């Protein structure tokens with residue numbers, strides 16, 4: 001895509017990769033089915049116009065948890081078809097324990113590491129909720145995260161421990177809160193206040209494979225390692241890890257010896273980096289430069305032994321060792337690009353000038369004469385009406401203004417012929433003799449009662465009195 005890859009996950013067998021982006025699309029990739037062209041086999045948009053924040057495969061790999069900017073998490077099968085959608089809670093209820101679901105946008109989620117039916121979500125409404133995929137009409141359990149003064153603290157990320165007994169979440173007040181999954185979710189079993197700077201988003205929290213340590217990636221450009229048995233202070237801390245995204249994660253290497261995370265580049269730098277730290281000393285062991293792109297997501301799959309990086313420019317980078325890694329990128333890069341032939345049928349014209357008359361093809365004749373003949377035929381071709389000027393004629397009304405009279409003329413189709421005559425008085429007097437010889441309207445109605453007019457003779461000298469000039473009736 002063209003926007004940052006905000007979510008990445010590979011199923012436990014290492015056969016398929018799923019990626020989500022800020023451009024609302026989720027793409028599914030199959031290593032065995034891809035060629036070196038590296039094209040995804042399916043693209044879906046499960047949450048309409050909401051960015052994809054997190055994606056997780058279930059323990060069996062047959063279901064995918066989709067966390068987006070909505071308040072409802074979705075579960076789809078491995079081919080991208082929807083299986084379940086969590087219910088949304090009532091936003092007018094103050095007590096979050098009495099709502100059936102989240103009422104604010106989600107920020108994170110994950111599957112239970114040993115139960116394929118259970119998954120966890122956290123939201124900006126200040127709760128973490130446990131769901132059963134078979135019944136998503138109401139949450140199975142709820143945990144409320146509280147700040148030091150007892151107010152609501154919004155979680156920014158959440159996770160299960162490796163054995164599934166602990167549920168941990170990082171909050172926007174800088175705290176880390178954990179609950180025992182086997183007990184009631186009333187009081188926290190592990191509470192770390194001021195783990196990171198208050199007001200920043202701790203973008204990731206992850207347990208080590210041995211279950212003793214927890215790593216947190218803070219929005220304050222730090223990466224810290226904690227011991228849950230002595231949570232008062234971090235075991236190690238590393239700074240100068242700038243990140244522009246609230247989805248930047250951290251993870252442990254498969255052998256539990258390294259801890260790695262991604263960084264974003266600032267002004268003057270060439271690109272982001274994947275930084276690897278030694279777990280015991282927290283020294284920078286290695287760095288992978290990603291040119292001209294921020295590193296948003298990074299994961300190290302234990303079976304493939306390959307590192308997959310989601311960058312801020314919409315690309316996914318795969319890093320592997322040809323000798324130490326297995327399958328994954330090695331399966332598809334070894335296959336050549338498949339060029340699909342164009343499905344098009346074309347007939348080849350064979351010209352045989354010396355063939356027998358019965359097999360000889362007729363020469364293509366010119367259509368010029370047929371077109372000229374059709375032009376003269378009024379039925380086959382008709383010349384369109386030419387545009388009229390300022391005068392209408394033949395029942396066609398010319399363009400006119402917006403007055404009432406022009407509207408009547410335009411809608412009734414009355415073509416005025418008075419303008420064509422030039423002089424309107426002569427046009428009217430032309431019908432005077434015909435009207436006098438053969439009256440039709442007014443004169444026949446008064447023919448029996450109309451008196452005969454007698455006019456006084458006209459005096460040309462002008463000596464007659466003014467009253468004599470007027471007509472007098474007998």
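Quick reminder: no glycine exception, Cβ is built from N, Cα and C everywhere.
The compositional bias 'Basic and acidic residues' feature in TrEMBL is assigned to 363-379.
Per TrEMBL, the feature region 'Disordered' maps to 363-399 (among others).
Summarising the annotation, TrEMBL assigns region 'Disordered' to 444-474 (among others).
Secondary structure counts, DSSP: the repeat 'WD' (1-30) has 0 helix, 17 strand, 13 coil. Residues or ranges marked as repeat 'WD' in TrEMBL: 1-30 (among others).
Annotation comment: TrEMBL describes 148-180 (among others) as repeat 'WD'. The average pLDDT computed over the repeat 'WD' (148-180) stands at 93.
Using a Cβ-Cβ cut-off under 8 Å and counting only residues 6 or more beyond its ends in the same chain, the repeat 'WD' (204-236) has close neighbours at 156-163, 166, 168-170, 174, 176, 178, 190-192, 195-197, 242-243, 246, 248-252, 254, 256, 259, 261, 277, 279, 281-282. Look at TrEMBL and you will find 204-236 (among others) tagged as repeat 'WD'.
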Helix-strand-coil residue split for the compositional bias 'Basic and acidic residues' (363-379), DSSP-based: 9 helix, 0 strand, 8 coil
Same-chain residue ranges lying at least 6 outside the repeat 'WD' (1-30) that approach it to Cβ under 8 Å: 38, 40-57, 59-61, 64, 66-67, 78-80, 245, 247, 294, 296-299, 301, 303-304, 308, 310-316, 326-328
Tally of DSSP helical, extended and coil residues in the repeat 'WD' (204-236): 0 helix, 15 strand, 18 coil
